[in-house]
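Q: The structure follows.
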Amino acid sequence: MDIQNQSSTSEPPEAGTIMGTSQSSPSSPPLLVDEEQRTAATATNKGPKKLALIPLVFLIYFEVAGGPYGEEAAVGSAGPLFAILGFLIFPFIWSIPEALVTAELATTFPGNGGFVIWANKAFGPFWGSLMGSWKLLSGVINLASYPVLCIDYLKLVFPIFSSGVPRNLAILFSTILLSFLNYTGLAIVGYTAVCLGIVSLSPFIVLCFASIPKIHPKRWVSLGQEGVKRDWKLFFNTLFWNLNFWDNASTLAGEVDQPQKTFPRALFSAGILTCLSYLIPLLAATGATPLDQVKWVDGYFADLAAMIAGKWLKYWIEIGAVLSVIGLYEAQLSSCAYQILGMANIGVMPKFFGSRAKWFNTPWVGILLSTMIVLAVSYMNFTDIIASVNFLYSLGMLLEFASFLWLRRKMPKIKRPYKVPLPLPALIIMCLVPSGFLVYVMAVANKIVYLVSVLLTVLGIVWYFLMKLCRSKKWFEFENSVDKDENEDEYSLR
């Protein structure tokens, strides 16, 4: 619109000019200057391809869900009725508040780094650095579970991958291959996520249609089988695990085309896709088959598919599970890598960590560092470590909610392209509900989880003071730029 207005109001070029270029200088032939201008304009406009709406929707979808795979434990722990109610109600008390906070802050401060920037601007560099440590450790160590899970699915078809050297080599090469795909560019990863999402969801669409003639609605209101004790801890952890990580995509904000408009739309669309992909297959499977509660564990959807439609659908769902794991890995590796890039951009990490590849413009150092940690953790027995990183993620979310509320009070007049339409008291209530759940998740942790979480937190604190020392001694080069945006005339993230 601005360009059109300028074109309509600008005066015609003066006499003696060609294409707006003066002929008065004999040393600058008009055609040569015109060619130089076109070359300069092309160089100026050339840049990394930005992430569009549809790829961003599926990246967020894989950050959070990746399909119904993994929701089976909700039925096994509490019965069909509570599982259905959980996936129907829990998004309103947890997912929607997290997504709303992400939409407002990601559009107000649309830079790589996401939640690190928010905590930094709210409470200063120490808390920004600690937020980065908590979220990065939880993200990367959680990422290590996906190559292992992928091989666990493949060993059902190829038993050679069950143990020993073949298994270790399979984990190594699968991790390297999946990480290399991330190196080729975020746009490629985004459209790969679209394809993986469609293919991994397609067997569940078939499952739902095949279930319709066999559904008995009274099965939906079952409280579970007699003699099967409810495991509320497993139930809530399953809901939390399957409806979490809405804010992870915020670290990609700097790579998104028109983030102020695209991010809210993507979050809303991904939210609908996620809820439907959990709820509809759950209704279909529980309504179409007799309840055998103890069998409702991870992977049981494949057996249910065989009961409803035949073994061909079982194999299709197992293939879809592998593709879903690939999508989960790619989406979360992107978030971790661009978080490292964003932390380098605001001086939390040395400038070197923000390096981009010349060919693909991707944060190759962030990808390499994340991949190395993934490989190190993949060969460990990390059950307690995974529980610990969930604890760290909960700490990070509490800090994120606090940052959101404090920025509302600290910067009430800052331009917010998307703003949660609630006053501050209502926002406090909105954040208190999921915060209470986070406190519950942390309270039921065991001693080992507390110990590992404290050690990793101390590591994050040591990192902050080590980086502060490196900056003062000038051992490494750090980013010292003053960032500008439309919201403030000038601000420093440091």
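The backbone N, Cα and C atoms fix where each Cβ goes, glycine too.
Taken from TrEMBL, the feature compositional bias 'Polar residues' applies to 1-11. Among the features that TrEMBL reports, region 'Disordered' is placed at 1-33. Under the heading transmembrane segment, TrEMBL lists 51-69, 75-94, 165-183, 189-212, 266-288, 315-338, 359-379, 385-408, 420-442, 448-466.
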Q: So which of 165-183, 266-288, 315-338, 359-379, 448-466 is most in touch with the transmembrane segment (385-408), counting Cβ pairs under 8 Å?
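A: Maximum Cβ contact count belongs to 448-466.
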Q: Okay, the transmembrane segment (189-212) and the transmembrane segment (75-94): do they have at least three CB pairs under 8 Å, pairs separated by 6 or more?
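A: Touching, no - the transmembrane segment (75-94) and the transmembrane segment (189-212) miss the threshold of 3 or more Cβ pairs under 8 Å.
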Q: Six or more residues beyond either end and a Cβ under 8 Å away: which residues meet both conditions relative to the transmembrane segment (448-466)?
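A: Contacts with the transmembrane segment (448-466): 125-126, 129-130, 132-134, 137, 348, 384-385, 387-389, 391-392, 395.
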Q: Have the transmembrane segment (359-379) and the transmembrane segment (165-183) got at least three CB pairs under 8 Å, pairs 6 or more apart in sequence?
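A: When sequence-distant Cβ pairs are counted, the transmembrane segment (165-183) touches the transmembrane segment (359-379), since at least 3 lie under 8 Å.
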Q: Is the transmembrane segment (420-442) packed against any residues at least 6 beyond its ends, judged by a Cβ distance under 8 Å, and which are they?
A: 93-94, 97-98, 100-101, 103-104, 236-237, 240, 390-391, 394-395, 397-398, 401, 404-405, 408-409
Q: Ranking 51-69, 165-183, 189-212, 315-338 by the number of C-beta pairs under 8 Å to the transmembrane segment (266-288), which range is first?
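A: Most Cβ pairs under 8 Å with the transmembrane segment (266-288) come from 51-69.
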Q: Applying the under-8 angstroms CB criterion, which one of 51-69, 189-212, 315-338 scores highest with the transmembrane segment (165-183)?
A: 315-338
Q: What same-chain residues lie close to the transmembrane segment (315-338): Cβ under 8 Å, and 6 or more beyond its ends?
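A: For the transmembrane segment (315-338), the list is 58-63, 66-67, 69, 112-113, 136, 139-140, 142-143, 146-147, 149-150, 153-154, 156-157, 178-179, 181-182, 186, 189, 192-193, 196-197, 199-204, 206-207, 245, 248-249, 251-252, 254-255, 299, 301-302, 305, 362-363, 366-367, 370-371, 374.
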Q: Against which stretches of its own chain does the transmembrane segment (51-69) lie, if we need a Cβ under 8 Å and a gap of at least six residues from its ends?
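A: Contacts of the transmembrane segment (51-69) (Cβ under 8 Å, skipping residues fewer than 6 from its ends): 95, 186-187, 189-191, 193-194, 196-197, 200-201, 204, 242-246, 248-249, 252, 255-257, 262-263, 265-267, 269-270, 273-274, 277-278, 281-282, 298-299, 301, 320-321, 324-325, 327-328, 330-332, 334-335.
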